Amino acid sequence: MEEVGENKHNCELTSTLDGGLPKLRPGAGFFEKWKRKLQKQLVVSTRHPDCKFYFKSNAAITSEKKRQIRNSPYSIHPFSNVALFREVIMSLVWFFEFYTDPFFSAFYKPMSFKEDIWHHLNLFNIDLVLEICLLLNIVMCFFVGVMEEQTKKVELERKKIAIHYLSTFFIFDFVGTLPFIIVMEMMIKMISGDDKGRFPGFYTISYLVRVFRFARIKTAIRYFGRITSACGMSDVVHELLSLTIKSFFLVHWCACYNFLIQRALFHGVKYKFDESSWIHRSNISMYALQIDVPNAYFQSLRVTFCHFYGISMKGIVKEEPVDHIVFSIVMIVGYFFLAYLPARIFLIVKATYASQSKYEELLHEFVEYGNKKGVPVKMKNRVFEYLEHTYQKRYFQEKIILNTLSDRLRAELLLQDFKRLVEKVQMFQAFSKSTVGMLISHLRREVFLKNDIVFKLGPQCDAVRFISHGTVAFILENGMEIAHLHDGDIVGLLGLIINFDHCVGSVVALENCEMYRIDKQDLDYCIEQDETIYHVFFNMAKEKYRGLVTFLRDSSDKEESITRQLRKGKILEHQFHTRK
């Protein structure tokens, strides 16, 4: 029996969220169970923070799972648990490499540095593990699907994934991950003791090659958003944190390569620095065995920071021409970044808070209204949920925006907005473009929260609704729940087209649903313009009516009939094993 009322619905049918994966046969072995668990980690998952932006209902998620299992079962969906784990790990790995690679290329000390620091902190082994992670990432990139932003569809075909990766980041990942360090370690051991004290060029070159990895800075920051999202940070906080990370790495890179240029000139071409250079005045030794690494790094960071941000530069650069050239480049980079920084912050604040502040103002007005009218807390929470689902925390007045446009632009914008709905509802494929446009112009958007009643048993239906995304349950008068309707399905056809005196059942939202409604009088007007609409609607309503009659005739009064057990999934899914 089903309960409908007081915003509560107890569902007897099997949940659709785990759909899409083939059911295990009775007595399935260990390998089949392990294979199914693996596939669960490869398909789209609601745990991924981007999933809700592209798949807004359980039905859409289930459909995406079925598409992947049918076409590319062993590709990795970009919104899967495996993809989420990879993104979190790779963001941390890349950040570590972005810091250590320039540092070691500039301040590497072949003997004491390796023995005192590499030995105690075991950084060489850490670097080796990270290199393995980067190589595994290259392999995984040939299996991870690609989201096409224009079509909002995920490409899972292995060949197209490979072409996309080879044409974008493959060369940067491959060259930046070549195992130069292991080769150079073996070559250094073959050099005599006197050569060890000289400038470690092999190591410097091997780390310089990794500069190709810096092309992944944007990807690393985007993946870092998974961590900030899990910590509950807002988009604005993430953007500001991203700018801070970019600023830190730019200053760090400039500081490291500033010192690297000084060492390369000193050891490579035997350049004699003037005593007024910042190297001499900071008492930094250019000989590899005598270098004080912490002091050299912080002195280079200090002078670079001052020139990058244009503060306290007096007395740092004097007679040395190399200092003039290097710090001029640093200042140019800093000026470009300082021009980019406020512009980016302004765009973030403007784009975010312009609509977000209106949304928060709307919430504040409702809170004041609710307090004055004594609205219960439970009702307030439902209103907050409705507003969040409707506006996505960005308030805008759609009617005002559309009224400012010309009729043609307004029609094109509506067609673009309803494009996905037209693709989901198969009925629209039977109509001409002009008829579809006419129907769309009369549709009105509605949002139903979980357990809201869409149609109630009794009164005659006054509208037809097309489900854009969401899941609803159809419940008969006796309380029997006979079906779930999903994205692209239509509700209200029987009562409106066949002209029943009253609704034959109730329709309850099982999750937050977005529907598009066309009223009876608007539908009558459209039918007057094109009679094809009536014939298509009537044939579909008649088909649904026949299915309902057949279901009621075949249903027995037994509480646990085979049909009900099959619907609940109790026959194929059990813990018993077949007899050997």
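Each residue, glycine too, has its Cβ placed from N, Cα and C.
Heads up, TrEMBL stuff is auto-annotated, nobody curated it.
Taken from TrEMBL, the feature domain 'Cyclic nucleotide-binding' applies to 427-523. Summarising model confidence by region, the domain 'Cyclic nucleotide-binding' (427-523) averages a pLDDT of 82.
The transmembrane segment feature in TrEMBL is assigned to 128-147 (among others). Remote same-chain partners of the transmembrane segment (128-147), defined as residues 6 or more beyond its termini with a Cβ less than 8 Å from a stretch Cβ, comprise 54, 72, 74-78, 83, 86, 89-90, 93, 96-97, 153-156, 158, 160-162, 164-165, 169-170, 173-174, 176-177, 179, 181-182.
Taken from TrEMBL, the feature transmembrane segment covers 168-191 (among others).
Annotation source TrEMBL lists transmembrane segment at 325-349 (among others).
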Long-range neighbours of the transmembrane segment (325-349), counting only residues six or more past its ends (CB under 8 A): 236, 239-240, 243, 246-247, 250, 254, 258, 261-262, 303-304, 307-310, 316-317
